[in-house]
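> Attaching a single structure in structure tokens format; questions to follow.
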Amino acid sequence: MMEELHSLDPRRQELLEARFTGVGVAKGSGHNESSNQSLCSVGSLSDKELETPEKKSNDQRTRKRKGDPFDSQGKGGGRGHKISDYFEFAGGSGTGTSPARGIPPVARSSPQHSLSNPPAAVQQGSPSSISSVNTDHSHTSTSHKPASIHTQHRASQSELTMEKLAALESSKSSDLEKKEGRIDDLLRVNCDLRRQIDEQQKMLEWCKERLNKCVTMSKKLLIEKSKQEKIACREKSMQDRLRLGHFTTVRHGASFTEQWTDGYAFQNLVKQQERVNGQREEIERQRKLLIKKKPPSASQTPPPNLEPNKRKSKSNGAENEMLSLAEYHEQEEIFKLRLGHLKKEEAEIQVELERLERVRNLHIRELKRIHNEDNSQFKDHPTLNDRYLLLHLLGRGGFSEVYKAFDLTEQRYVAVKIHQLNKNWRDEKKENYHKHACREYRIHKELDHPRIVKLYDYFSLDTDSFCTVLEYCEGNDLDFYLKQHKLMSEKEARSIIMQVVNALKYLNEIRPPIIHYDLKPGNILLVNGTACGEIKITDFGLSKIMDDDNYGVDGMELTSQGAGTYWYLPPECFVVGKEPPKISNKVDVWSVGVIFYQCLYGKKPFGHNQSQQDILQENTILKATEVQFPPKPGVSPEAKAFIRRCLVYRKEDRIDVHQLASDPYLLPHIRKSVAATGNSSMAVASTSNSSNSSASN
């Protein structure tokens, strides 16, 4: 045994000796039955077979251990203890002094006994007992002399019995089985859901692919249809150029101007008019000659001696021939019929001329549209914002173009208004324009009313252009309709005004209220293109928000004086003073009165044939203290009274939008009752007058 100890590495031997010497000396030589548990604890040595100090003889030690502070206590004689002394235990004479455990020995037995016959406390699961068993097992696996090794056990009392432990184990196992079953179910459900997700994902990808194909095909068909419509419009325009006329470039000095030349349809009408005028002149000349040949009446019968002279005058010439009374009346009746026929023909020519003028206006408008479309950078059907496919140009303004487009996402037609800034503008001016457009967008975006055009979207194209997407209406605006038809019936005009007032009422009921300020026929869209359908209000570029910060009792300040359309603005907008004028929703009331007047009479009540500059210079609106009504066409007194209430000069005396909405003329049942009351009162008055006259008789 000592030979085996001698074969240890010197460094390991020294460490072992220092370890055991320190433990043993601390307790003295009498307590050297220290346990091996510190030596055989888990992880303290390598996996090689343990070499005990007994395997090495004492005389083979060639170097001394380092001094230890406990050596003075451990030296009882002339030499130190052997390593084998630390593996010997005094049978029951003392207590164990293992520094690693610090547990007093309770029972001593051989390793075979401790492993094969564990105490009851160990079987019941005592933690200290299990620790002792593990320690003993570790020691027996590393020691070659099991007879010299003793294991210590400590018995502890536990409340668990084998039945309870078995019950706990069975409950735990059942719970574990349930959990495992639940886990299996959840895993199956998870797998099913994942499979469904994969299927739905594949279906979604398939649907997206189909949708992209449908959108692509829709774009292709829409572009093809738009191209065909463009070709048809240009062909029709070329045909109408010969029939209705065209623009020609004429040179005046160093400049060139465009001059309109009428087509053959107008030339034919002019020739017909000239022919009718010539025939009328000839008939008038013959009527004058007929008057000279008029025979004398019966009271002026010529004497008999004048009969030969009469025959003589007949022989001199037919122009001096005297007609009988019957011949004279017959010839006069023929001339009257011819004049009546020429008058009827002239009226037909005038009607045809007016019709051709309306068609010519459409033709001129189409020529300008085609010219602007050909010069536009968006003529080749681009898709803006990956959503809006431009089809054809609807119109062009000062800084904007309006295109009919198709919304590929919502699958609907829309009107795309492209705002293009002048590249030569200063950055400050561009910023102000963009700020103004953003303000219009914010105002218009929140509005939701059937009589107001909806604003769908707003986006930028580049630094100098941006777009607004509006609701598309098929028809034209009221201004174009009035240019075509001059005027309309009172019922049609009243229907339009009712819808406009309904929209204004909505604008003044929301918070904060809004003044449109630019209400005119050009901003009233006819949905069906006729005066007997629905209308929608658009263009909120000059609108005013009546918030609490800007609006007071007497109105809000007009910061944009000079803007707007002067024919439809009230006098307070033209007042010039130290402070800007105050306005309210009564501005829109004045505009309603002007529009209603124009619809009924075919002209504006103030400044009809004047330009905006002339109106401003001559103070036309400031002088419009009273409205005058022409005798024709005939208009009801209620309509005239309604117009007078709208066109009151002083804004303090003018009704507001809420009073306008409740006006009797715009409420059918009230208007009928008022009319019936008026008729009954007139009937009563006439009855009383007749009774009074009969009584006086």
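Here the Cβ of each residue, glycine as well, is placed from N, Cα and C on the backbone.
Sharing the feature lines straight out of Swiss-Prot:
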- Leu394, Gly395, Arg396, Gly397, Gly398, Phe399, Ser400, Glu401, Val402, Lys417: ATP binding site (BINDING)
- 265-294: coiled coil (COILED)
- 336-373: coiled coil (COILED)
- 31-44: compositional bias 'Polar residues' (COMPBIAS)
- 109-145: compositional bias 'Polar residues' (COMPBIAS)
- 388-666: domain 'Protein kinase' (DOMAIN)
- 25-159: region 'Disordered' (REGION)
- 288-316: region 'Disordered' (REGION)
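Help me picture where these features are in the structure shown.
For Arg396 (ATP binding site), the Cβ neighbour count at a 10 Å cut-off comes to 18, with all displayed protein chains included.
Averaged over the coiled coil (265-294), the predicted model has a pLDDT of 89.
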> Once the chains shown are all counted, how many other Cβ atoms turn up within 10 Å of the Cβ of Gly398 (ATP binding site)?
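Other Cβ atoms found within 10 Å: 6.
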> Same chain only, please: residues at least 6 beyond the ends of the coiled coil (336-373) with a C-beta under 8 Å from a C-beta of the stretch. Say none if there are none.
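Non-local partners: 230, 233-234, 237, 240-241, 244-247, 260, 265-266, 269, 272-273, 276, 279-280, 283, 379, 392-396, 401, 483-485.
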> Please state whether DSSP places Gly398 (ATP binding site) in a helix, a strand or coil.
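Once the DSSP labels are grouped into three classes, Gly398 (ATP binding site) ends up as coil.
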> I'd like the Cβ neighbour count for Ser400 (ATP binding site), meaning other Cβ atoms within 10 Å of its Cβ, all protein chains included.
16
> Measure the Cβ-based neighbour count of Leu394 (ATP binding site), defined as the other Cβ atoms within 10 Å of its Cβ.
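The answer is 16 other Cβ atoms.
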